[in-house]
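Copied over from TrEMBL:
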type	residues	note
ACT_SITE	SER149	active site, charge relay system
ACT_SITE	ASP226	active site, charge relay system
ACT_SITE	HIS260	active site, charge relay system
Amino acid sequence: MALTQVSSNKCAGGFQKVFEHESSELRCKMKFAVYLPPKADTAKCPVMYWLSGLTCTEQNFITKAGSQLPAAEHGIIIVAPDTSPRGCNIEGEDENWDFGTGAGFYVDSTEDPWKTNYRMYSYVTTELPKLINANFPTDPDRMSISGHSMGGHGALICALKNPGKYKAVSAFAPICNPMQCPWGQKAFSGYLGSDRSTWEAYDATVLAAAYSGPQLDILIDQGRDDQFLTASQLLPDNLIAVCSEKKIPVVFRLQPGYDHSYFFIYSFMHDHIKHHAKYLNA
């Protein structure tokens, strides 16, 4: 699995790099960003995976989130993949900002014409970690996952579907109950078909209701002035109600005045990396 380095920049004592590779799951060239903290020069480090939201690439997080300083401080490698396959020339792929390119929704598609390439769930949970562990100084037993919006949905489902795989999970303004919101319904109809029972495998609120793995401590930050919260796209209350019933520990922080942007993410990124460090460096 050959990697081609696209860029490398010294940052916070370590290096912020971007690589490209041929993905076997997605059958296209994919880019991912990896931050290597100073500690990675001399020791194996835990890895936090970051999943970005609609319309994003691997660039948004590394240029806007301010993650490198706290990652350097806590000795954590951060991997940020792209949000969908690229350049697959599927008809209709670029027609909508919330479906197709930049909107993989971290599911394994079952419907034509998406099912050959749109397999972001398997890419993020299986192919990418194997690639990272083979090429970087990681401790494969210490990984965690986080994300924003569509990527927050991705982070939550990856953790809930794989009990024990991720030491911690956190999310910024996640889509918590995609089966019940317009974004999720559009994406799931296209990628997974009309049988709503198949959607349940990728809905954090449904998965939390059935969760029976080791304790998972979830941290969620949500901006109170987020336009998508008001538009009922995110539905955090549904997830919190289920977690409280199932006694899954969730710290949910509604942050007054903050919106859905990376300014919001930047403001609380230190807290999230500290949350991950507590479990990754335990």
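Glycine is no exception: its Cβ is also placed from the backbone N, Cα and C atoms.
What you are looking at is a predicted structure, and each value in this text was computed from that prediction instead of being measured.
Of all Cβ atoms in the protein chains displayed, 21 besides its own lie within 10 Å of the Cβ of HIS260 (active site, charge relay system). Cα of HIS260 (active site, charge relay system) to Cα of SER149 (active site, charge relay system): a span of 8 Å.
Taking the active-site residues SER149, ASP226 in turn, the residue surrounded by the fewest other Cβ atoms inside 10 Å of its Cβ turns out to be ASP226. Across the fold, the C-alpha of SER149 (active site, charge relay system) and the C-alpha of ASP226 (active site, charge relay system) stand 11 Å from each other.
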